[in-house]
Ligand SMILES: Nc1nc2c(ncn2[C@@H]2O[C@H](COP(=O)(O)OP(=O)(O)OP(=O)(O)O)[C@@H](O)[C@H]2O)c(=O)[nH]1
Ligand SMILES: [Mg+2]
């Protein structure tokens, strides 16, 4: 269920994402309803006619929940549940539910509980002010409702405090470990990116580990760190896989996951994994940048890793590439980001990525590099203009020659059609 308030142009992708969230929570979406309104209705969020329509649909399809893409207030939720006769939840509640089901480590569980309590606490506050308004603000004082809420709030506050303290301890341990790695001179690389971009798949492909990767949102909640040997550099780096980002991630949730996200904030290099096949990749990349800024990681050097290349039609690749390279651009504090095109699932482009990490460890300033997709980009249908990061003529004049040799050690990267 989504309510189109008339300002969201990419509306279908957002409902797609809601459906994927529902599936990740173990539900099967049976219908989508879009309502068009200028503003949400105060009582029901949608109009009463629309609410009746939803009710009919719920009964006909035997739906057991109605999910809203936008945030609904506690009062709207109650009214809707009464009206529809089934539980009603919004996107944030759904994300919290997934997080709760997925958290495995002690730390992850603590973080999820903190996020849920904080969500609950804000709703209690709102419910309280709602009651207060109803009663003119004074009549309820000392009444049973208020006392109960006061009690609940105090319990929640105490619990929040105790979890925060325990999390602080975990954070201290983590930072000790991180400092130890830094002392040992280990170069720390972190995977970041939108949820479902393929971070864990890439992590597995690079380290040959078996981290849980699945077509689910937030398959990964805990941070895994492995050592990755880079032949090109003759040394190992530490590689961390971590929780994915999502649009409108509730601020409190980001805050709750600080300990986990700190792994990214302390990295020497970020691999920003992008689902190249996503119709909304620009929005997803912007969201990732926003979260990175929120955790203070926006200035860490980045490689843009365009993943799922195998899902793109070969004939689409050149145009899409040109598009990305010129438009999306990966402006990073005014600097262009190095980028590489891979298929983590099929193991394409990984050698280039490794070489790039190696050269970034050693070289300053960072080389620019436009990866393997250019093979296909040079097909007969293409303009014959391979896209480098600058959209220039493709002979890589943005790179200095040393970086070039280092970055291009791999045979399949020497495409038959590279017109330089
Ligand atoms: N076709 C294709 N699918 C891929 C590729 N890489 C990952 N996938 C699929 O994309 C889905 C998500 O992959 P994950 O590795 O779990 O993604 P993630 O970024 O770790 O996701 P979260 O942990 O949920 O944030 C899985 O179904 C993968 O099989 C790729 O290169 N090509
Ligand atoms: Mg993952």
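Cβ coordinates come from backbone N, Cα and C, glycine included.
Of all the Cβ atoms in the protein chains shown, 24 others lie within 10 Å of the Cβ of residue 220 (Mg(2+) binding site). Residues or ranges marked as GTP binding site by TrEMBL: 193-200, 218-222, 241-244, 307-310.
Among the features that TrEMBL reports, Mg(2+) binding site is placed at 200, 220.
Feature annotation from TrEMBL assigns coiled coil to 153-180.
The feature compositional bias 'Acidic residues' is assigned by TrEMBL to 390-400.
Among the features that TrEMBL reports, domain 'Hflx-type G' is placed at 187-365.
Per TrEMBL, region 'Disordered' is recorded for 373-420.
When averaged over the coiled coil (153-180), pLDDT in the model lands at 86.
Close contacts with ligand 2, defined as a Cβ under 6 Å from any of its atoms, occur at 220 among the binding-site residues 220, 222, 243.
Checking the binding-site residues 199, 200, 222, 308 against ligand 1, the ones with a C-beta less than 6 Å from an atom of that molecule are 199, 200, 308. Using a 10 Å radius centred on the Cβ of residue 222 (GTP binding site) and all shown protein chains, the other Cβ atoms total 19.
Same-chain residues at least 6 positions away in sequence with a Cβ under 8 Å from that of residue 308 (GTP binding site) are, in sequence order, 198, 275, 276, 277, 343, 344, 345.
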